[in-house]
Amino acid sequence: MAVPQRTLTWLYSVLTKDHYDPKQTYHDPNRTYHDVANALAQYPSLSPRTDVYTYETGFSALLLHLVGTLPVNFRGTTYRFPIALWIPNTYPREPPIAYVTPTQEMTVRVGQHVTLEGQVYHHYLAHWAEAWDRSTIADLLSILQDIFAKEPPVRYRQQVPQPQSQPEHAPTPPPLPPLPPGVGSSQTQTPIPTQIASQAPPPPPPKPGANENRQPLPVDRSSLPPLPPKERGLRQTSIPGASSPIGPPGVRSPQYHAPPGHAGGPIGSPLSQPPTQQATSPQGPYYRNGAPIPPQPQFTQPQPAPLPTHHQNQHPPYPANHPRPPPAAPKAETPDLLTSPFEVELPAISGPAPPIPPNPEKDTLLRAVSHSLAETLQLKAAQSDTASQSLVSQSQSLHSALATLQGEISALNSLHATLHSNTAVLQQSIQRADATIADAPPDLPPIDDVLVAPTIVGKQLYDLVAEEQGIQQALYALQAALVKGVIGVDSWSKHTRSLAREALLKRALIRKIGRGMGLEESL
């Protein structure tokens with residue numbers, strides 16, 4: 001992607017600006033401009049700017065700052081990790097300074113190449129100065145893509161839920177009893193069937209011994225069902241043989257709101273029905289002031305929960321002229337559950353919460369996972385043992401080779417020291433010989449002074465042989481002079497006779513000395 005010309009112009013002006021301070025001015029603006037422009041062309045998600053960077057030494061400088069995201073292919077999906085590159089003014093002699101800049105929803109993931117502060121380290125940056133002429137920002141970004149693809153530098157922050165403030169050791173409220181149809185219809189706005197809406201609930205049974213006539217009271221469908229009259233001293237008891245099922249109280253406290261599903265179903269669903277209870281009206285007529293009362297029509301409850309029934313006095317039918325039975329023996333007064341308030345004081349729970357029962361499925365899963373992990377670890381341990389044996393043998397071989405190399409190195413060191421000392425001695429000898437040659441006289445010594453016989457007799461023999469050879473040469477010279485006519489016959493004969501006589505004497509002495517020294521007779 002081509003970089004806009006306006007950006008390139010601004011970049012060149014920033015890099016070539018002279019701050020009159022070597023620490024603030026870019027040393028190689030052309031190379032920096034070329035590398036930054038190439039990086040911006042290859043990675044258009046980066047944008048240049050200038051910011052103040054503070055080094056670890058406390059020195060601050062206005063540097064070129066490349067900010068943006070780096071596209072990385074991680075497990076088949078392209079992610080854009082936020083990074084920042086600071087270009088030092090000594091670039092390209094010194095490497096760029098790379099940072100990972102996570103957003104508020106992210107946090108730095110410390111790894112092999114990223115520190116807790118977000119700074120990026122890599123072998124390419126550490127050895128930048130060794131190959132600064134071949135290192136570029138684009139190559140650095142490509143390397144960062146490779147290492148981030150293997151090890152992402154950031155991760156999302158974990159959302160910690162705020163704990164709800166709950167009172168410590170708060171007693172658990174008791175479960176609500178099922179509601180009667182009247183209260184349930186007024187609270188939950190449950191539609192009432194037409195058959196129930198057209199009928200009114202039956203009046204409560206009359207209190208035995210009451211003298212006044214009671215008329216059935218009209219019942220409001222939006223209000224609570226009518227309550228039976230309170231006892232006045234004696235609790236009503238049921239006559240033996242009469243069936244009077246007792247249901248749970250149907251009044252709930254207005255201060256407590258049950259959670260959804262507490263009544264056995266979700267919000268809006270009908271309440272669960274308690275055990276089947278039916279309020280049955282007496283099969284015979286009631287007697288009030290000695291006059292029979294016609295029985296009330298039987299009230300049948302629909303599918304919703306029935307009205308709770310209370311302690312009722314049901315009497316068998318009696319004829320009009322039959323006397324009433326005597327009242328039963330009084331019992332101790334008990335609290336009225338209908339008229340008493342619903343708020344029951346429960347003992348405070350001071351101990352710890354009960355333990356959570358074990359989950360068999362979870363235990364089975366944990367055992368399976370533990371067994372699988374144990375098998376995997378055993379397999380890995382066996383593989384590690386097999387690999388470790390070969391590694392141990394290789395280590396032993398390497399140690400033996402190292403010992404051999406160290407011995408050879410020590411021998412070579414000793415040989416090098418010996419050669420060095422011999423070289424020093426040879427150089428000293430050469431120097432002394434050169435000095436001796438320089439100090440020696442230029443004339444050659446006489447041959448007689450150089451050649452010396454080992455004994456006196458040997459020296460005498462050497463001298464006699466030399467003289468005898470000299471006489472032979474003299475005779476040869478006289479013969480040549482005679483032939484050429486240089487000398488006459490008289491002179492030749494005279495000198496030849498004297499030299500021959502002397503040569504004979506010397507030859508005889510030579511033979512005598514040779515026999516004495518054990519030399520050959522040929523001498």
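Using N, Cα and C of the backbone, Cβ positions are placed for all residues, glycine too.
Heads up, TrEMBL stuff is auto-annotated, nobody curated it.
As annotated by TrEMBL, domain 'UEV' applies to 13-158.
The feature compositional bias 'Low complexity' is assigned by TrEMBL to 155-167 (among others).
If you look up TrEMBL, you'll see 155-335 marked as region 'Disordered'.
Per TrEMBL, the feature compositional bias 'Pro residues' maps to 170-181 (among others).
According to TrEMBL, the compositional bias 'Low complexity' annotation covers 269-283 (among others).
Positions annotated as compositional bias 'Pro residues' by TrEMBL: 292-307 (among others).
As annotated by TrEMBL, compositional bias 'Pro residues' applies to 316-329 (among others).
Residues annotated as domain 'SB' in TrEMBL: 455-523. In this model, the domain 'SB' (455-523) carries an average pLDDT of 89.
The DSSP breakdown of the domain 'SB' (455-523), given as helix, strand and coil counts, is 58 helix, 0 strand, 11 coil. Shown for the domain 'UEV' (13-158): DSSP residue counts in helix, strand and coil, namely 38 helix, 48 strand, 60 coil.
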